[in-house]
């Protein structure tokens, strides 16, 4: 009986392995550098199959991997191969600088038609944050629906400008620079200032509060500008190792769990179908092709949002939520955004549109904590984007250059008045992995959509009426991608070392546990655990330790640089990391990170 079952399993596995891979011949030539020429990888597949992948110059791109299988006849005569019979080199997966399976890398581009649709998909995805942050803050500031529409319009414009600047002159990674939730604590602290609360007229209080937020953003943006352009952040990055970066990158995605299924739970009837449909299209049906094009995998976000959005609209107009609670209606209905009726047909946001900013030392010091959090979160997101775009890790010079331009973006946030600062959009980084498209051009096209629809307000407001529950369903997948990228850095670390296990385990656990404590304390007491007379100190402590990536960053970097450091370079992954610590340490850096228009002549890498 046992022999019959073994033969049956072997037959099924052999039949399944013979199914051709529809995507095997579509790997882009620019992505072939993920494995060095001549390298060989032996991968165990199941218990009977061994894949031998030979990466040489001629066959790495044009031919699929060769699979060596045991002949069926021999398999029937000999007993099945057990795991104990495998050699160690046959069971290992060698570390790789770049991810395999990416269709287009950072400097390779799909067709213009596909790039435009993919850019529009990134634009739709960034609408979740661009609408939710003003929805939370503007009513607290005393603003009305028209003020909220104008803030959404401004945030879209500045997001497009910052994204274009970052992809052209910053790190040049395919990243969207959008609104950040890390600024909510200091912004709410400014809103609660007694001198502003006592203003009776709502619109006047909104404008005065916005001016105070603008002043704090303008002053605090100097931190990132100075750290970036002085290369101080690049000097600090010398203390970073793959071991120290694992919790930072992983928590940049996993730490956002509150924006995932807890939001789906507020409207399960549209959130759960959205999650299941998105997973089905992007994973189970990704091999379905139309005219040799994987349309379901590439545009799974657009297709799933369009279908479930239509379903949610049918529920809305049919009166399904007529007697539901206010929270359910806010998360389920498609007609409560009040943006289409209040957004102007045409309008161009401009600097100082709310009036001259006002400056306060107390507000500025509190906002500086959010700027530090944005700095850490963006560092982790940049490294995740580099891996998902099949690029090398950004060298310290490039990382500092990107932080400097992000500081310029914070300055623009303050000048235009977006009510919040900006950081790298984690959801858009995750979309690079979902679509397997890491092209820089796609993100630049999405920046063009942001600028275009911020000027033509009515059209942008139409897409902004998508219920936030649909975005939360997509976040469950995309944030998971970013978290998994952070965990993938463990391949460069000695995970058989108790030191490595301790640092990663403690950093991940406390990186989730401490912010969760701060969140629950704040919800129960209406103020953070730090509640002294010094408002700026409260904002500093509550903001920093409410951020999972920042908390994990502090713990992992301190432990990694103080605990048994001597003779631990190999355990920390430093031999692999060393060649990416200088711009010219790896020849691929110039291809990925050189400035356009031959600007490297005027701004050479230091």
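Even glycines carry a Cβ here, placed using N, Cα and C.
Automated prediction, rather than curation, is the source of TrEMBL annotations.
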Transmembrane segment according to TrEMBL, located in which of 301-321, 322-342, 343-363: 301-321
Which stretch, out of 442-464, 580-602, is listed as transmembrane segment by TrEMBL? 442-464
In TrEMBL, of the candidate ranges 185-202, 239-256, 365-382, the one given as transmembrane segment runs 239-256
Listed stretch, out of 239-256, 263-281, 301-321, 540-559, that has the most CB pairs under 8 angstroms to the transmembrane segment (470-489): 239-256
Spell out yes or no: are there three or more C-beta pairs under 8 angstroms between the transmembrane segment (301-321) and the transmembrane segment (263-281), with each pair 6 or more apart in sequence? yes
Would you kindly list the residues that approach the transmembrane segment (239-256) from elsewhere in its chain, counting only those six or more residues past its ends and only Cβ-Cβ distances under 8 Å? 376-377, 379-381, 383-384, 426, 430, 475, 478-487, 489-490, 492-493, 500, 503-504, 507-508, 511-512, 515, 547-549, 551-553, 555-557, 560-561, 571-574, 576-577
